[in-house]
Structure formats: structure tokens, C-alpha cells
Amino acid sequence: MSEYQNILTGVQVRTAPHSAPIAKGIFPRLGKPGFSYWLGKIGDAQIGPIYLGTTGVLSLVFGFFAIEIIGFNLLASVNWSPMEFGRQFFWLGLEPPAAEYGLGFAPLAEGGWWQIAGFFLTTSILLWWVRMYRRARALKMGTHTAWAFASAIFLFLSLGFIRPLLMGNFSESVPFGIFPHLEWTNSFSLNYGNFFYNPFHMLSIAFLYGSALLSAMHGATILAVSRLGGDREVEQITDRGTAAERAALFWRWTMGFNATMESIHRWAWWFAVLCTFTGAIGILLTGTVVDNWFEWGVKHGLAPAP
């Protein structure tokens, strides 16, 4: 007889492949459903079938072109050498146009490729959001996931499009590349007087750490009471059993307060959404409303006077 271990488990549920019915469309489900032993170790073992739909296919097409444009530009920057491309990959970048071009179209070699890649990437992401929203509606689900993703997209657009638009030139945007992106982040903070004194950045970090803490607390709690039926959270929301009661009692003993089986998910959702949303607000205020966050902090008693 298999023994259930709720950290590492050897028990995997295998049934006939299942999926919810969907209305007939242009694109049918793709692939024959199967099972993966290793995926079953961390999640549902079933793989497929996959439904992309019109927006899903278009999103992948636009995303492919964006990656190709970025990739070929990075390769061209090392004289088309695969060896150098692999060696310097983390340092390579595709830079936005210089400030002299403003919001206009720049020559390809001077930021034009960045603009084209940004258009394709943004279109791909927005189409994927539409796909998520429409799939949720088709399955008669709530659209919570789509709106959480929209918050992340808002931060993405604030960095690459909305703030540069407010500043009057695309040179304020973020380059494509790993270390170039990190260098931009560092320079951005230095140019505007230490971004750490931006209160919306503080809120964003608080929600980021809070999201990690809430996820750890919730995950640990459910695993701790799963042997008592705590994994059936939906049932425990409307008809609390011993698992929900014990979990609630544990947290009241620990910190004097407990969430419910329903409210913990709402807390986690809001913390995750507000992490990127407040981050985007902080980005949009930088350079447009506040030129130096350290001086702003000194003026409002947030930073020590020099």
C-alpha cells in the first residue's frame, strides 16, 4: 500500500485523460493527451491536449518574430560568431534609440530594430492576455488570472512605452538583454536620486515579500492538514471540517489571527497584483513628477538630511 507523503510523494493519480468541453472554433485541440512521470512528481501528470485558438497562434507568431529580431541583433553584435554569442550572451543587448530621435522611428542600426522587436513583443503579450481572458470565459471561470496578468503587463508597458511616451523619447526605455537590463536598472536609480526612496517602490517590495510570505504560509498550512482533508479547500470554504478548524486554531495560537480557506487566496491575489501595479506607478512618477527621490525623501522626512 502506498504511503502518502505531502512533501515528496510517490503517489500519482492516473485516470483516463480528461478535459472540459469547449465550443467548436477555427483551431481544435492539438496533440494526443499523455502522462509524464516526472511532471506527476510536482503537478498533474497529464500533458495535453493544448488549445491555442486564433489569439494563441497569433501570439506565438508575434513572439517568435520578437525573439528572432532580438536574437539576430545580439548575434550580429559579435560578428555572427556562435562561440562569442554563447560566451558573451549575458552581456549582449539590443539598445533603444538615442534621445535625439525622440518618439520617432530610428534607423534600424540605431534603435529601429529595438522598436520593431518591442512592437512584436508587446503585441504577443497583449494577444496572450486576450487568449487567457477568452479561455476563462469559455470555461465559465472567473477572470482573476487574466486581471492579475494585466497588472504585470501594466508594469511592462510603463517601463517600455508609457513612461518613455511621457518623457518624450524612447531612450528612457529598457534595453533587451540580461545584464544591459540590470545596468539600466542601476543607472535609473542613480539618475533619479536613489529609487529606494520612492514610496511606491517601497510598497512594491513590501507586496513582493508579502506574496512570498503568504504563499509559504498557505502552502505549508495546507500541506500540514492535507492528511485531514485540507487539500479539499473548496469544500472547506463552505463546510469547515477538522482540517480548516485546526489550521485556523494554529494561526490564532501563532499570531492571534487567521485567514479563512477563501480569504487567503484573496490576500495572495491582491498582494501579487499590487506588487506590479505599485511598481508601475513608481516608474511613471519618476522623471515626470519627481526628478530626485532622495531630495523628495528629505523634504518629506523620509530620508536623512545630508
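For all residues, glycine too, the Cβ spot is worked out from N, Cα and C.
Using a 10 Å Cβ-Cβ cutoff, HIS181 ((7R,8Z)-bacteriochlorophyll b binding site) registers 13 neighbours. Annotated (7R,8Z)-bacteriochlorophyll b binding site per Swiss-Prot: HIS181, HIS201, in sequence order.
Per Swiss-Prot, Fe cation binding site is recorded for HIS218, GLU233, HIS265. HIS265 (Fe cation binding site) falls within a helical segment according to DSSP.
Within the same chain, residues at least six positions away from TRP251 (ubiquinone binding site) with a Cβ under 8 Å of its Cβ are THR221, PHE257, ASN258, ALA259. According to Swiss-Prot, the feature ubiquinone binding site maps to TRP251.
The transmembrane segment annotation in Swiss-Prot covers 53-79 (among others).
Within the chain carrying the transmembrane segment (111-140), a Cβ under 8 angstroms from the stretch's Cβ atoms is held by residues 20, 22-23, 51-53, 55-56, 58-63, 65-66, 69-70, 73, 94-98, 101, 105, 146, 149-150, 153, 156-157, 160-161, 170-171, 173, 175-176, all 6 or more beyond its ends. Annotation comment: Swiss-Prot describes 111-140 (among others) as transmembrane segment.
The annotation transmembrane segment is assigned in Swiss-Prot to 143-168 (among others).
The transmembrane segment feature in Swiss-Prot is assigned to 198-226 (among others). If you look at the transmembrane segment (198-226), the same-chain residues 6 or more away from its ends with a CB under 8 A from one of its CBs are 4, 6-7, 233, 243-244, 246-247, 250-251, 264-265, 267-268, 271-272, 274-276, 278-279, 281-282, 285-286, 290, 293, 302.
Summarising the annotation, Swiss-Prot assigns transmembrane segment to 260-286 (among others).
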Would you mind reading off the Cα separation of HIS218 (Fe cation binding site) from HIS201 ((7R,8Z)-bacteriochlorophyll b binding site), to the nearest angstrom?
25
Cβ atoms within 10 Å, counted per site: which of HIS201, HIS218, HIS265 has the most, among these binding-site residues?
HIS201
C-alpha spacing of HIS265 (Fe cation binding site) relative to HIS201 ((7R,8Z)-bacteriochlorophyll b binding site), in angstrom:
24
Measuring Cα to Cα, how many angstrom lie between GLU233 (Fe cation binding site) and HIS181 ((7R,8Z)-bacteriochlorophyll b binding site)?
41
